[in-house]
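What follows is a short report on a single structure.
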Amino acid sequence: MQLGVCYYPEQWPETLWADDARRMVELGITHVRIAEFAWSRMEPRAGVYEWTWLDRAVATLADAGLKIVLGTPTASPPKWLVDSMPDMLPVRADGTTWNSGSRRHYDICSEPYRRECLRIVDVMAQRYGSHPAVVAWQTDNELGCHETVPSYSKAARARFQAWLARRYKTVDNLNQRWGTVFWSMEYASFDAIELPNLTPTDANPIHLLDFRRFMSDEVTSFHREQVDVLRRHAPNADMLHNFMGFFTTFDHYRFAANNSIDVATWDSYPIARTEVIALSEEDKARYARTGHPDVSAFDHDRYRAIGQGRFWVMEQEAGPVNWAPWNPVPAPGMVRLWAYEAFAHGAELVSYFRWRQAPFAQEQMHSGLNLPDNTLSPGGREVARAAQEIAKSDALTKLAQSGPAPRAEVALVFDYETQWMFEIQRHAKGFDYQTLAFEYYRTLREMALDVDIVSAHADLSGYKLIVVPGLAALPAGFAKSVEQSSAQWVIGPRTGSKTADFAIPAQLPPGALQTVLPFKVLEVDSLRPTLQPTTTFDGVTGIALHWREHIETRDGLDVLARFDDNWPAIVARGHVRYASAWFDAALHRALLEGAARDAGLAVTHLAQGLRVRRRGEITFAFNFGATATEAPAPDNAHFVLGQRTLGTADVCAWISA
Ligand code: GAL
């Protein structure tokens, strides 16, 4: 359980640095991330390097005993570089070009820009790669942020065509698999293929999907090129990238494959995230000062999988931020709670954004551990408290040294391509796959279950309950592994609804899954809010939202619930249940609870806003709710942190004797 901080020495007088470093250590901070936006100071003019200031900053931090994470500066190219190659600016879907003057103003497909990135990274890595205090490198910053991916530039078009040629080999093959006979879209050569923007009506969905696959690969290769340079000069350092919450622009599993990262790190802004994602107004209001209780947990669990067990929070909100429509001050206690929450989910390190609030420029309204006058902020004081508690607790210290969090008993499959396919063809306004996945996730957590979020390609053996909130195209062998599994499965709507080429499977949805679940989807009922098919399951009555399938069942399938117009709502065979609709919260609860009980899992109904998470022998409880509540600890619990009664924003942890 280590703490870190993001620090920008270039933004402060050098006279402050040593004192900053000393105070960081005093606070309990072990790691400091620097330099990720400092290109204009590293290289003020083309080829003119100024490393001495960074040498002194690194030395000052290292002398204080801090471990350093160095960021490559490629998210903020300096103006002289943009002026020398204006084509490096990214192009939006409407054909206009982003301007410089903020950050991320580069086209990820620009080969000249990529060469510039590798040049600065190489020089930087040569200089600091063997520095003993530099323990990790972060590439760029939040790849894909600010909607700069995809870029619709000329470079993107050329590289997309080359990507298609590699994938399809011949243009005839592409024409056949894309179904370009439709609307006379047939191509005579790969270089005739345009980017799928600015079309009068929908572009071909497989064209859009392949463009998203291509862009995902571009993000991955942009990072990978830098990592290859960094590993040459810094073979012992951890390679990182700071991912974002609720972010699906690229396939993070593919990004992290082949040793491209050593630890998955991500940036956690729970209050702002709660404000900007698709939650009900009621939830947004209820959790305005705490963040929704599952918002950070969802990404902790996702990034634990992406990092194959190793994850950090690289940027943790430590007070009000500046980028949501409203940015309330967190309830007192939340900054401390978020640290324990991350650790409970297996984080090795929680690093705060940022050391000190900057009184100038874009983020002057964004808090840090210190106020602009250099006194600890309210959040900074909570971090100090958490650091002291951890240092004093043998149980927490032992937990911190215990390695990655053990496997949970419940797995939830999350698939990036499914997100893209359902975005490309929503078919029902409001159908968002990630939101549905989050609905399933929160329902499981409200029942006090720990969840691993996993890829559809992961080894799922050993889990007791496997939840698939929807999986557009089934990976080869997926149906067989469902059939042979000894777990209970809950499979959501639209699973097996498409082939990998974005077509309806020949045998109709759910495609290959028909060998496990003998039914087929005849028609899809896209539901406007006034259409509310009703069903009752396990004594719970509720409605379908957004989406329902009319399914024709065959022998061997049990119908567990029907809608009021007789269409099956929940069907099952043996250990596999299928939901033919997106249900309301009460029905999702009934569906998942039945499966959890059949899986032999202990289900506890937690009070509103209360969450638990086990790591090793310690169980943590967190109260995001507005009123005091009791942690669901057994009578013989030995509390290693806090106590059974939890006020708002309070946390406790115990070992069962
Ligand atoms: C992140 C970003 C940081 C900072 C922060 C503010 O998205 O990586 O540089 O801008 O947001 O919340």
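Positions of Cβ are set from backbone N, Cα and C atoms, glycine also.
Computed from a predicted structure; not experimentally measured.
As annotated by TrEMBL, active site, proton donor applies to GLU142. The feature active site, nucleophile is assigned by TrEMBL to GLU315. Taken from TrEMBL, the feature substrate binding site applies to ARG103, ASN141, TRP323. Annotation source TrEMBL lists domain 'Glycoside hydrolase family 42 N-terminal' at 6-392. Among the features that TrEMBL reports, domain 'Beta-galactosidase trimerisation' is placed at 408-601. Taken from TrEMBL, the feature domain 'Beta-galactosidase C-terminal' covers 609-651.
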- Across all the protein chains here, work out how many other Cβ atoms are within 10 Å of the Cβ of ARG103 (substrate binding site). 17
- Would you kindly list the residues that approach the domain 'Beta-galactosidase C-terminal' (609-651) from elsewhere in its chain, counting only those six or more residues past its ends and only Cβ-Cβ distances under 8 Å? 286-287, 290-294, 297, 330-334, 336-337, 340-341, 343-346, 389, 393, 395-396, 399, 402, 405-406, 445, 448, 450, 657
- In Å, rounded, how far does the Cα of TRP323 (substrate binding site) sit from the Cα of GLU142 (active site, proton donor)? 15
- Message: Taking DSSP as the reference, which of helix, strand or coil describes GLU142 (active site, proton donor)?
- Response: coil
- Note on the structure: Residues lining the substrate site besides ARG103, ASN141, TRP323 (CB within 8 A of their CB center) are ALA75, SER102, ARG104, GLU142, CYS145, HIS146
- Query: In the structure shown, which of the active-site residues GLU142, GLU315 has the fewest Cβ neighbours within 10 Å?
  - Reply: GLU142
- Provide the three-state secondary structure of GLU315 (active site, nucleophile) computed with DSSP. strand
- Among the recorded positions ARG103, ASN141, GLU142, name every one whose Cβ is found under 6 angstroms from ligand 1, counting any of its atoms. ASN141, GLU142
- Message: Let me check the 10 A CB neighbour count of ASN141 (substrate binding site). How many other CB atoms are there?
- Response: 22
- Task: In whole Å, note down how far the CA of the residue listed as 'active site, nucleophile' lies from the CA of ASN141 (substrate binding site).
- Result: 11
- To the nearest whole angstrom, what is the C-alpha distance linking ARG103 (substrate binding site) and GLU315 (active site, nucleophile)? 17
- Note on the structure: Other C-beta atoms within 10 angstroms of the C-beta of TRP323 (substrate binding site) total 13
- Query: Can you tell me how far the Cα of the residue listed as 'active site, nucleophile' sits from the Cα of the residue listed as 'active site, proton donor', in Å?
  - Reply: 11
